[in-house]
């Protein structure tokens, strides 16, 4: 029996591609294991920061230490960007991003000698996942690859290619309908630069969202990360028209300072971002906006950072992902002057974390007493379910049916989410843990 484990780092696009590899391997007779020792390990890596690269390297060394005879295949953005560094790790094969699509051929070609197969990214996006995602509640559909933005700090466009490649609408329709038919309750539409979907073939993300509206079923749709400049009026109207489209967007603002945004190569000003926020919140005052912010970008002053704090306070993000600036090889930002000392980055990180925590609590307090639709995904303990609502807020509540939607009413806050009860219950206390 040929057993394989796939370890995935990074974004939802990587998660989709790992699922695609798993399906191809299973078709070829391999057994894909969720845990335990395997004969083959595929590490689908990320390269968005130095820290995640370190995690990738640690995992590979850990696998090799506990399983000397395993065959280890390293793929993903780190492998694509740094093949020379990757081949110095204890791996049997280094594969580029486009090579994932032919994982079976590559794994079958292992011959005892280390192989490095990394081509220039740029192949069309035609792959389809049939739907064997582990939890059977949430699935992903990758509709786009590549990024034609010119952000000065980002290496992902170098890994994924600078040309937008969109999945044809007909292929998307088939894949989406199949996911709904198989009973997935939440379908996440993802891409490296999702908002640019269709640019290469005379279509658009708004057109794709119109396709979704016509598909009946008990499901909901969530969009993954999108850039400020791509949230146009047609996208906003789609949220207004389609109740299945989750009122949540992850919009990476990166900084609250226009000066910093300009040095980052971002294509908007904070006033543009606020217009988008206002339009979304005019549809639904609770519209959930999550974001990414980089602290310590070269040249960031105390005044710039203060503007970021003020933005977080004003927008009331439901969640903020914070990163210390990490210079990526080959990017313009890695050569910029005005570097911020690591001690100052750490200080700003800690301050922003506290601010983000405060506004998240404030956002969640506002929804106490409101009814939400939660997709139960796992048990916290016997008789207590947990999952996310349409606004991407995590709930805990008494119940016993995983993989279904539950109407709940928010009662109080938890550490990272809320405690709720079934909407038809007066009380629904969650038992204390331990």
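Cβ coordinates are placed from backbone N, Cα and C, and glycine is handled just like the others.
The annotation domain 'MTTase N-terminal' is assigned in Swiss-Prot to 2-112. According to Swiss-Prot, the [4Fe-4S] cluster 1 binding site annotation covers 11, 46, 77, on the basis of sequence analysis. Taken from Swiss-Prot, the feature domain 'Radical SAM core' covers 133-362, and the record attributes it to sequence analysis. The [4Fe-4S] cluster 2 binding site annotation in Swiss-Prot covers 147, 151, 154 and is backed by sequence analysis.
Location within the structure of each feature annotated in Swiss-Prot.
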residue : record                          : CB count, 10 Å
11      : [4Fe-4S] cluster 1 binding site : 18
46      : [4Fe-4S] cluster 1 binding site : 20
77      : [4Fe-4S] cluster 1 binding site : 29
147     : [4Fe-4S] cluster 2 binding site : 22
151     : [4Fe-4S] cluster 2 binding site : 20
154     : [4Fe-4S] cluster 2 binding site : 19
Number of helical, extended and coil residues in the domain 'MTTase N-terminal' (2-112), per DSSP: 53 helix, 23 strand, 35 coil
Three-state secondary structure, residue 147 ([4Fe-4S] cluster 2 binding site) (per DSSP): coil
Residue 154 ([4Fe-4S] cluster 2 binding site) and residue 46 ([4Fe-4S] cluster 1 binding site), Cα-Cα, nearest whole angstrom: 12
Per-region confidence, the domain 'Radical SAM core' (133-362) (mean pLDDT, whole number): 96
Rounded inter-Cα distance in Å - residue 77 ([4Fe-4S] cluster 1 binding site), residue 147 ([4Fe-4S] cluster 2 binding site): 13
[4Fe-4S] cluster 1 site shell beyond 11, 46, 77, criterion: Cβ within 8 Å of Cβ centroid: 9, 10, 13, 14, 45, 47, 48, 52, 76, 78, 156, 159
Alpha-carbon distance [residue 11 ([4Fe-4S] cluster 1 binding site); residue 147 ([4Fe-4S] cluster 2 binding site)] in Å: 14
Distance from residue 11 ([4Fe-4S] cluster 1 binding site) back to residue 151 ([4Fe-4S] cluster 2 binding site), taken between C-alpha atoms, in Å: 18
